[in-house]
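The structure appears right after this line, and notes come after that.
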Amino acid sequence: MWSLTASEGESTTAHFFLGAGDEGLGTRGIGMRPEESDSELLEDEEDEVPPEPQIIVGICAMTKKSKSKPMTQILERLCRFDYLTVIILGEDVILNEPVENWPSCHCLISFHSKGFPLDKAVAYSKLRNPFLINDLAMQYYIQDRREVYRILQEEGIDLPRYAVLNRDPARPEECNLIEGEDQVEVNGAVFPKPFVEKPVSAEDHNVYIYYPSSAGGGSQRLFRKIGSRSSVYSPESIVRKTGSYIYEEFMPTDGTDVKVYAVGPDYAHAEARKSPALDGKVERDSEGKEIRYPVMLTAMEKLVARKVCVAFRQTVCGFDLLRANGHSFVCDVNGFSFVKNSMKYYDDCAKILGNTIMRELAPQFQIPWSIPTEAEDIPIVPTTSGTMMELRCVIAIIRHGDRTPKQKMKMEVKHPRFFALFEKHGGYKTGKLKLKRPEQLQEVLDITRLLLAELEKEPGGEIEEKTGKLEQLKSVLEMYGHFSGINRKVQSTYYPHGVKASNEGQDPQRETLAPSLLLVLKWGGELTPAGRVQAEELGRAFRCMYPGGQGDYAGFPGCGLLRLHSTFRHDLKIYASDEGRVQMTAAAFAKGLLALEGELTPILVQMVKSANMNGLLDSDGDSLSSCQHRVKARLHHILQQDAPFGPEDYDELAPTRSTSLLNSMTVIQNPVKVCDQVFALIENLTHQIRERMQDPRSVDLQLYHSETLELMLQRWSKLERDFRQKSGRYDISKIPDIYDCVKYDVQHNGSLGLQGAAELLRLSKALADVVIPQEYGISREEKLEIAVGFCLPLLRKILLDLQRTHEDESVNKLHPLESHVHSLLSVFRYGGLLDETQDAQWQRALDYLSAISELNYMTQIVIMLYEDNTQDPLSEERFHVELHFSPGVKGVEEEGSAPAGCGFRPASSENEEMKTNEGSMENLCPGKASDEPDRALQTSPQPPEGPGLPRRSPLIRNRKAGSMEVLSETSSSRPGGYRLFSSSRPPTEMKQSGLGSQCTGLFSTTVLGGSFSAPNLQDYARSHGKKLPPASLKHRDELLFVPAVKRFSVSFAKHPTNGFEGCSMVPTIYPLETLHNALSLHQVSEFLSRVCQRHTDAQAQASAALFDSMHSSQASDNPFSPPRTLHSPPLQLQQRSEKPPWYSSGPSSTVSSAGPSSPTTVDGNSQFGFSDQPSLNSHVAEEHQGLGLLLETPGSGAQELSIEGEQELFEPNQSPQVPPVETSQPYEEVSQPCQEVPDISQPCQDISEALSQPCQEVPDISQQCQENHDNGNHTCQEVPHISQPCQKSSQLCQKVSEEVCQLCLENSEEVSQPCQGVSVEVGKLVHKFHVGVGSLVQETLVEVGSPAEEIPEEVIQPYQGFSVEVGRLAQEASAINLLSQGIPEIDKPSQEFPEEIDLQAQEVPEEIN
């Protein structure tokens, strides 16, 4: 490590020279000047010119470091300075010679590494007093993590929350450790798992991360890289008991660490690498070097780099950053370290060090030296500029994989122990309680055992009826011998007058009933090994979804999606609901997508965000809406009729005329008769299982996923009991469970050969195909109402991602519950996205969707956004959206019955166009062997030529034709194997470009009949390091097809990590079908806005009366959001927090902030509970093509910005004089800048109070003022509007700005206070405008011109040297414009914008101060 100490008050600077090695130590080395030849040097000597004075730079470090490649590269460049000579002290001299014998030097670069005698180096520096590049005394501190953390804390640099456990016999009070199952308490500080345990010595790299039992438990053990491993997963969950450690909070970082390399206080290079905690496998490129991804640092992170550099007095210094929740935390300081393999960095580093040394020492040597003007302006190293592709954003909504049957049991409990447990865990706050954690489930089990013991002693009384239920509760909780929150959960709901009375609506006054709890035990529903394989396969397939990827990522060619951006890990966001199977599916998907290895637990903890924490996948599923209750009642009524379906039943049950629904009703005919048959088949099934249990040969029979015959019988006999009620009527709600169970047994336990199972599957599927989709609404209106109720936050999230990704690329993966997938599809089908009578492609898509009977596991809805750079930024042609869909894994029904889609990205039949665009994806798919029938071509006609044709998909330009390199990631059956994409294009000629053109498998089309098994090919390609020639693929039928059994692939059974029991079959997944590929961004945005607005309008009307009575003076924060009371007390200046005043929440990546990292929303609607804590997420984009904001600069008043197409109004780093408007800063922290300038914070507070009231009175949409207000204080520049929402928002803008101006006029005394120029910014905040969103027109820009005074000098002072963060403003402009278009509080990860307009009024003045 290197430190810079300024000896005797000198400023720290550095110069380098290259010279003698070990053998030539006594003499001064000769400066190496590569540009001079030997003869020129000889001529110089012959002329006997007096030698120029030379500054000698000594390198004092271990040989391994001083002769390393980066050091050699930098020293060679340093020697190009005419007056610098470098000498390297040999290791022998350093270790064995006394310091008096060391050669003298004027400047010393010395740093500690293993075995280095730091004491001697310190003694040498005292003896010779050279100029030190890296301070030596501070290097003692860097070796102790406790000291590093102490110094960082003193400097106000953000750290993860931590506690030190010193096991020192002399100080026993510092060694208080209490370990629980899922947490540890260190000296009073509690750290719930996951947490990190670091040895106090910085030289000890054995860092352990402990995982919570809900994610599978165990720990990840990190160590210094050994070969290709940097960590290993261990099932051990107990912390180490010897040695001193630092315990700190685990930061969820999307699976990357950012390494920052500072050279002096003004230069920092950053790289991201895969976190060793993820799977422990080191990613290496073709040369065997660890793969790193360049990263852009934010202004805040550059400031952190400067602080670290100065605090530790190390000119050359490396440290580790964790980017989590929109913040950047320093977790390690490494001292002296160089970037590897970056020529740009070597040049910059040598230049900075040379200039530093010359600036410091040239005056002493009378060397004429003037620093080159550009020397200090070395640019921050940008990301690798790889050509920006047209694909801007991919949002995929994916259902979880294959799972065990879900089971549940309800029981009413009244025992005081259950009430005590309910109270203990805070159930009375909401009246509901969900218990999932192991210790909570253990408490339930303890109570159950106690009650059963009491019942044995004294049977009788009311509890007697529940003995069976208590027994079942006990057996389920004891089922696996250990608890994992992923398996089971207990929900309890409080009923003040008993469950029965509450449900039957009895009058509680008439009879006083005792309160009771309804206990619902849910178990099963675990992801099976097959489900895990499906998710991994799909992840691998997604990797190649984007054509044109020639990049080599971890040995896989053609990783298109990953090439969206070299820092793709920062853009990839994977959200999952809190269901264990959903989280595990998401982790397995991430594993496949990112080519990870090993256990799922570390991947789950690092990569998968729980979307329930922020409400993204929330829906109040437990309490059904009134509409759902009505629908369920009608559905049950229709299906209880013991008569064949008549025409009126078809009208009542299938008003949408869905093909699959009509087909199922035809199969059913008489619903009660079918239920009778189903019940008889279930009875027969349980009888067969009981017989099998009597058979001595079945004693040790293991079913799939470790199930036993007893458990299987329990599953079926419970359904048998519950399906037919005592009255003889059937419980229709059990039909999905019956289908679930029989599907599972036919697929996984077929070896039992149970008779009647196939018939039971056929009948239950027919019933389920009616019940499941119709539970989400029977008529179009009901379907839409229920759908939006389920997935409103999800819709807002999708809309927001689409709106923001024209700025940078993003990849979002959402893993929701089944209800969200059904609902989202309903929104697209019934919400009126397009008029199917006018659009032939959409009509075909709707026909296809209506023919799909089941949204099976791994169903995908994929939205892709493209940008055409050749189009005008404001035209509708600029941004283009495609909608794709796959119904998930193939069911067990016959192949022929599957509906045929339109193929993946179907193109028009204009051959000329096909020829000109040779790089298109379809052309990359090879022709099909002539003997293979084309299912899609036979069943779906080619689209006719003519005006109704959709436009061709925009395809990626900058790439060669046929450059696609794809290896199919699965093996599958011949007639329609696993393909990510299907296509109904006619076969085109095959291009002879090696394996690259053989994109069989993945995009394999219906045109191509199968896919080959990737693992073998990948291994082959990797070991032989070459592409397979086309000839080698001629006989791919014989070579590469894996025998398939009944459409199920067994390909992954041979993978040891997949944990297959026996040889279970993994169903293949239907390829993606394109629903539409000619949508404009404007169409989709308008559609989603309309749906959200309709829903919130309805809610607003429902609660309007309540709202008016509660708070008539305050209107909602924007026209379409559900009204709610806004409490805004006078703004208090907060206490100074530990965070430094300059701190702003940094992004998870500046380069690409499109994929929000943790969506939050402030929707007050109780149906979507969002976390109460304000998120600390915020995204900044430093490089932006965007329009800026009005910024007040001293002496210039308000600068007007013209609104022009792509014109950049000012550079991202415009001027150090302009204070950045950090509007996205969380309001917890905004007071800090104010405290920096105490003399003006008071007026600012006054004016905020004055401003907050008018800004709350934003009119509701119904009261929008229509007339244009023409006030002398406003300059309104109107841009032609295209859409209605724009007009509405401009009216809103005008209204707010009128009030702000009015306020300014009325409070002239306050306005004349020093802060007045700042408060006027509030008006502008409301009037930010949209940037570059294709067809969405830019908003009216309203400039509050009148009393704009200059910002006084002292206001600006704290912000000297900051760059204006244009990107952030542009993003917020986009975001706030969305708000004004009527999408209330879009849940917006990683970039908070103020929740209510009155909050904006309060925040902005403070922040600018």
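Just so you know, glycine gets a Cβ as well, placed from its N, Cα and C.
Here is what Swiss-Prot says about this protein:
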BINDING   Lys64, Lys65, Arg224, Lys225, Lys259, Arg273, Ser337, Phe338, Val339, Lys340  substrate binding site
BINDING   Arg145, Lys198, His205, Arg224, 248-251, 257-259, Ser275, Asp320, 332-334  ATP binding site
REGION    382-453  region 'Polyphosphoinositide-binding domain'
REGION    891-996  region 'Disordered'
MOD_RES   Ser920  phosphoserine
MOD_RES   Ser963  phosphoserine
COMPBIAS  981-996  compositional bias 'Polar residues'
MOD_RES   Ser1013  phosphoserine
MOD_RES   Ser1049  phosphoserine
COMPBIAS  1110-1119  compositional bias 'Polar residues'
REGION    1110-1183  region 'Disordered'
MOD_RES   Ser1121  phosphoserine
MOD_RES   Ser1128  phosphoserine
COMPBIAS  1144-1162  compositional bias 'Low complexity'
COMPBIAS  1163-1178  compositional bias 'Polar residues'
Within the region 'Polyphosphoinositide-binding domain' (382-453), residues counted as helix, strand or coil by DSSP = 28 helix, 21 strand, 23 coil
When you tally the Cβ atoms that lie within 10 Å of each candidate's Cβ, which of the binding-site residues (Glu248, Asp257, Asp320) has the highest tally?
-> Glu248
Can you tell which of Lys64, Arg145, His205, Arg224, Lys259 has the most other C-beta atoms within 10 Å, given these are the binding-site residues?
-> Arg145
Over the region 'Polyphosphoinositide-binding domain' (382-453), what does the predicted model average in pLDDT?
-> 81
What count of other C-beta atoms do you get within 10 angstroms of the C-beta of Ser337 (substrate binding site), across all chains shown?
-> 21
For the binding-site residues Val333, Val339, which Cβ has the most other Cβ atoms within 10 Å, all shown protein chains included?
-> Val333
In whole Å, the longest Cα-Cα distance within the recorded substrate binders Lys64, Lys65, Arg224, Lys225, Lys259, Arg273, Ser337, Phe338, Val339, Lys340 is 23
Cα within 10 Å of Asp320 (ATP binding site): which of the binding-site residues Lys64, Arg224, Lys259, Ser337 qualify?
-> Lys259
Could you round the CA separation between Asp257 (ATP binding site) and Arg224 (substrate binding site) to a whole angstrom and send it over?
-> 15
Hey, what's the Cβ neighbour count for Phe250 (ATP binding site) at 10 Å?
-> 21
Spatial neighbour of Glu248 (ATP binding site) that is closest, considering only the binding-site residues Arg224, Ser337, Val339 and their CA atoms = Arg224
Distance between Ser337 (substrate binding site) and His205 (ATP binding site) at the Cα atoms, whole Å?
-> 16
C-alpha of His205 (ATP binding site) to C-alpha of Arg224 (substrate binding site): distance in Å?
-> 6
For Phe250 (ATP binding site) and Lys259 (substrate binding site), what Cα-Cα distance in Å is obtained after rounding to a whole number?
-> 17
If you measure between the CA atoms of Val333 (ATP binding site) and Lys259 (substrate binding site) and round to the nearest Å, you get 10
Using Cα coordinates, what distance in whole Å links Arg145 (ATP binding site) and Arg224 (substrate binding site)?
-> 16
